[in-house]
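Q: As annotated in TrEMBL:
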DOMAIN    A:23-573  domain 'Cytochrome oxidase subunit I profile'
TRANSMEM  A:45-67  transmembrane segment
TRANSMEM  A:95-120  transmembrane segment
TRANSMEM  A:141-160  transmembrane segment
TRANSMEM  A:189-211  transmembrane segment
TRANSMEM  A:231-257  transmembrane segment
TRANSMEM  A:290-310  transmembrane segment
TRANSMEM  A:322-343  transmembrane segment
TRANSMEM  A:355-373  transmembrane segment
TRANSMEM  A:394-414  transmembrane segment
TRANSMEM  A:426-452  transmembrane segment
TRANSMEM  A:464-492  transmembrane segment
TRANSMEM  A:512-534  transmembrane segment
Amino acid sequence: MATTDIHLHQDVHHHDDHEEHEHHEGNFWTTYIFSQDHKIIAKQFLITGIFWALLGGTLSVIFRLQLGFPDMNLDWLKPVLGGWITPEGKLDPEFYLALVTMHGTIMVFFVLTAGLSGTFSNFLIPLQIGARDMASGFMNMLSYWFFFISSVIMFVSLFLETGPAGGGWTVYPPLSALPQAIKGSGLGMTLWLVAMAFFIASSLLGSINYITTVINMRTKGMSFTRMPLTIWAFFFTAIIGVLSFPVLFAAALLLIFDRSFGTSFYLSDIYIGGEALAHDGGSPILFQHLFWFLGHPEVYIVLLPALGLSSEIIATNSRKPIFGYKAMIGSMLFIAILSFIVWAHHMFVTGMNPFLGSIFMLLTLIIAVPSAVKIFNYVTTLWKGNIHFTPGMLFSIGLVSFFLTGGITGIFLGNSAIDIQLHDTYFVVAHFHLVMGSASFFGMMAGVYHWFPKMFGRMMNPTLGYIHFWLTFVGVYMVFFPMHYIGIAGFPRRYYSWTNFETFNGFTDLNMLVSIAAILTLASQFIFLFNFFYSMFRGRLAPINPWDSTTLEWTTPRNPGHGNWVGEIPSVYRWPYDYSKPGAKEDYIPQHIPYSETPESNLPHENDLIKLESSNGSGAIVVEGDKH
Amino acid sequence: MTSLIIILGVVLVLGILYMIFRVSNLVAIAKGGVVDEKSSTANKVNAALFIVFLVGSLILFFWYSITRFHEYTLPIASEHGKVTDKLFWITMWVTVAAFVIISIIMFVFIYQYQYKVGRKAKYFPDNHYLELAWTIIPAIVLAVLIFTGLRAWNDITGPASKDAEVIELVAQQFAWTARYPGVKDKALGKVNYKLIDNFGNEFGLDLTDKQSFDDFKSLELHLPVDQEILLKIRAKDVLHSVFLPHFRVKMDAVPGMPTQFKFKATKTTQEMRDETGNPNFNYELACTEICGRGHFSMKMPVVVEEQEAYDKWKASQEAWLKQNPDYLKKVPDALKEAAMIKAGMQKDPGVTVAEVKQ
């Protein structure tokens, strides 16, 4: 391949990378702790995410004990929970609310945003677009350490005497603004807000990096229309994050002002604890608007990366191109745009102007169309495939199933007239746990199983993977499907117990089933944990390309060093989904194989591209090189 | 002691599991390592399990949904509830149909197209007609659902008629209080949160307003049947939400921003007792917005009665001012006598109610 000045420059740069790399080697602190290597940072996010997922899951099991076995004596939890277990051996009702709040916060932000996006955007963007690292390794490192600080603060809040924040993960004021209203709104809420401020900073640093990297650092030939759907998904996710997280920051900042400096952004006409507060003219509804302006896009921040990962895994393991590549990108784009203009469907019965409700209902139900397109495209991708059930594939199929089951209940909730009855009942709990919680969690699991060989150079044990999948898949359905019935029966969420109401005193059997299933599902995650840590050190050595995949990350060495590729970064000549192409020798053609080497399988228009490939040496490089 | 045995048992079981795992690993290696994983039995088992899962879960789903129908559906006791429930069930039919069809197709594909040696997958990257079809069909179905929903929503949230029975619900941690306009002027008096105190004025009644004199308080929500009711909702401290499950009513109570909900109850408590065959049936009001420690216990009993019984009940209630006579001193001197008459603390000395009003 001919070289140009710019190419030379690239080489020099690349040489620098290596020097740096060698220099770093051996120093534990710079290699593993304050690393600027995107792969290490991804693993840091992953491990922290796993820690939080376990904690979040454990919290949910504790409150499920209360809901499923209301008469159970919980004295045996005293060594851990101390004073939060009442002398009668019951969970303290206020601590119950704190558990629910922290479970939501941890799962939504720390696991499914940082743990999912942070891990796979970091790991896959440079590897799949053919870059040596992120645009700014330093910012990337900061992104993780801000997340770490945020994690520490949130973790510390669990141990406060007054408990962590307890006003629900949506922290609606005035409850979250007034320590008189609930103990958790004291120091616990302050730490929650501080932690979220750090978290937002972390998320923004990460997102800006992802966007910059995707736009500027693609390798030769990696045009936007040749990017794997994972990258498209991370790209849209990062854009949504950059546009919506600052609004949450604003909401949190105003809440801090109201709490600590006596302003009245959200507070008005309040009489509590025997006195009328001086706050006047604020509106709690304003907070809800600001919160959900992030909160709804957040759903897609959580979901899109999972959908991207599963698109890639389903195509690879069906040995088929993903059906409707452009339609998939289009639907993600459409979802990303719409995600900003549907937020008030969380607020149909908050007293918001009903006309606004009509508008948001219209927009909300429109978003079901691109979501439906995605499901149909997944199903068509499976059609006439040659499916290999790797654990990653199983979890991706599970994702599609949850996305379908949880997605259709969104059509009920998006309809404001029906939402009157269902709002804040267990129907909502079932809906979002399936469509965003479990679907994204399965996307994350699929990603871990699929890219583990690239992360650690070893294979995970597939049998344990199958067992983990089936227990979790059935377990998740057993936990969340019964909640639909409980919700249709009107059971409100965030209730410590239902025995005060005649209307809600049934379904003790179903609640018990849900709790048992939750415990078993959590327990089966330990199979994964064992497999994960065992395989990291003792797993079978991974082949270079274990899944016969087409994307660039599988062209790197088994354990890629800092810089990812030894020597030149491969160029890209084709889209990422040339699976089972008619005429081809193998059932996959990697992206870095030029059309000139595969005359037997080229489509007519691809033969025309061969000429461009040979001129790549001069033309294309200058264009690509200029961007660096 | 028992816990020690349990711990030992758990350790033992985990140890055995680990040994099994190690042995099976070694056996696999001894057998010659990994052969072609794709054509292994594991692939076939996984494919078959998806079919087992599909059939099993669909049977469970339909069996439970049909046999337990009356356990998870609440009887409807309001006019708009019939409309929203009908919408709910129409949506249910549409979505369940879509759900079942797509699930079956997906899991059958998964089984049918599992890996087979020598077969090559079909290279099928695109088909505009298919994609158009499944963009347009959901769009049309959704459009229909949206427009029926919109119409219902506009009716429910539209303005209440002038002769609707107005009742105020006040939420606070962790109780509901109702305030009825008295029988004399049928209008709620003004309130101001700064007038709320711990000694009795829990509503923050403004006693300079004549209309507040005959307002009365109730800890039970009494509603007339077949008469439009307009709930005026407010909160004193944090967010709460009025939820009347049988009436399909839900609306947040927001401090600083009064909200409202209009509806018409269609069945009295007695009628509902007859219908459900439960002689102890009672309507209830629950809180559905997290509000603190006692959120789960924030209940108010609801009684729906015939208009006559309702009027009688109302007439039998004492005005708030009569129950809290100390507050007479807050009434401007010029209005004191009128207040005492209106609150029923003093016999009407021959003046008609209409004159007091002016």
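Think of each number as a place in line: the chain as shown, counted from 1.
Heads up, the Cβ atoms here are built off N, Cα and C, so glycines get one too.
I would like each feature placed in context: is it buried or exposed, what are its neighbours, and how far apart are things?
A: For the transmembrane segment (A:45-67), same-chain residues at least 6 beyond its ends with a Cβ under 8 Å from one of its own Cβ atoms are 74, 77, 81, 90-91, 96, 99-100, 102-103, 106-107, 110-111, 114-116, 118-119, 122, 144, 147-148, 151, 441, 444, 448, 455, 496-497, 511, 514-515, 518-519, 522, 525, 529, 532.
Packing against the transmembrane segment (A:141-160) from elsewhere in the chain are residues 34-36, 41, 44-45, 48, 52, 102, 105-106, 110, 114, 118, 186-188, 191-192, 194-199, 201-203, 205-206, 209: each is 6 or more residues past its ends and has a CB under 8 Å from a CB in it.
Tertiary neighbourhood of the transmembrane segment (A:231-257): same-chain residues 117, 120-121, 124-125, 128-129, 171, 173, 176-177, 193, 196-197, 200, 203-204, 206-208, 210-211, 214, 263, 265-266, 287, 290-291, 293-295, 297-298, 300-301, 304-305, 307-309, 311, 328-329, 332-333, 335-336, 339-340, selected by CB-CB distance under 8 Å and a gap of 6+ residues from either end.
If one looks beyond the transmembrane segment (A:290-310) by at least 6 residues along the same chain, the residues whose Cβ comes under 8 Å of a Cβ in the stretch are 108, 112-113, 116-117, 120-121, 170-172, 228-234, 236-237, 240-241, 243-245, 247-248, 250-251, 254, 332, 335-336, 339-340, 342-347, 374, 378, 395-396, 399-400, 403, 432, 435-436, 439-444, 446-447, 450.
Remote same-chain partners of the transmembrane segment (A:355-373), defined as residues 6 or more beyond its termini with a Cβ less than 8 Å from a stretch Cβ, comprise 324, 327, 330-332, 334-335, 338-339, 341-345, 348, 403, 407, 410-411, 414-416.
Panel annotation: around the transmembrane segment (A:464-492), residues 389-391, 394-395, 398, 401-402, 405-406, 409, 421-422, 424-430, 433-434, 438, 442, 445, 449, 498, 503-504, 506-507, 510-511, 513-514, 517-518, 520-521, 524-525, 527-528, 530-531 of the same chain, lying at least six beyond its termini, place a Cβ under 8 Å from a Cβ of the stretch.
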Q: Near the transmembrane segment (A:95-120), which same-chain residues lie under 8 Å Cβ to Cβ, leaving out any that are not at least 6 residues past its ends?
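A: Same-chain contacts beyond the ends: 41-43, 45-46, 48-50, 52-53, 55-56, 59-60, 62-63, 66, 81, 84, 143-144, 147, 150-151, 154, 158, 163-171, 182, 184, 188, 192, 196, 199, 202-203, 206, 230, 234, 237-238, 241, 298, 301-302, 305-306, 309, 436-437, 440-441, 443-444, 447, 451, 494, 496.
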Q: What same-chain residues lie close to the transmembrane segment (A:512-534): Cβ under 8 Å, and 6 or more beyond its ends?
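A: Distal contacts: 50, 53-54, 57-58, 60-61, 64-65, 67-69, 445, 448, 452, 460-461, 464-465, 467-468, 471-472, 475-476, 478-479, 482-483.
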Q: What parts of the chain pack near the transmembrane segment (A:189-211), using Cβ distances under 8 Å and only residues at least 6 beyond its ends?
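A: The answer is 105, 109-110, 113-114, 117-118, 121-122, 125, 134-136, 139-140, 142-147, 149-151, 153-154, 156-157, 160, 164-165, 167, 171, 176, 179, 234-235, 237-239, 241-242, 245-246, 248-249, 252-253, 255-256, 259-260.
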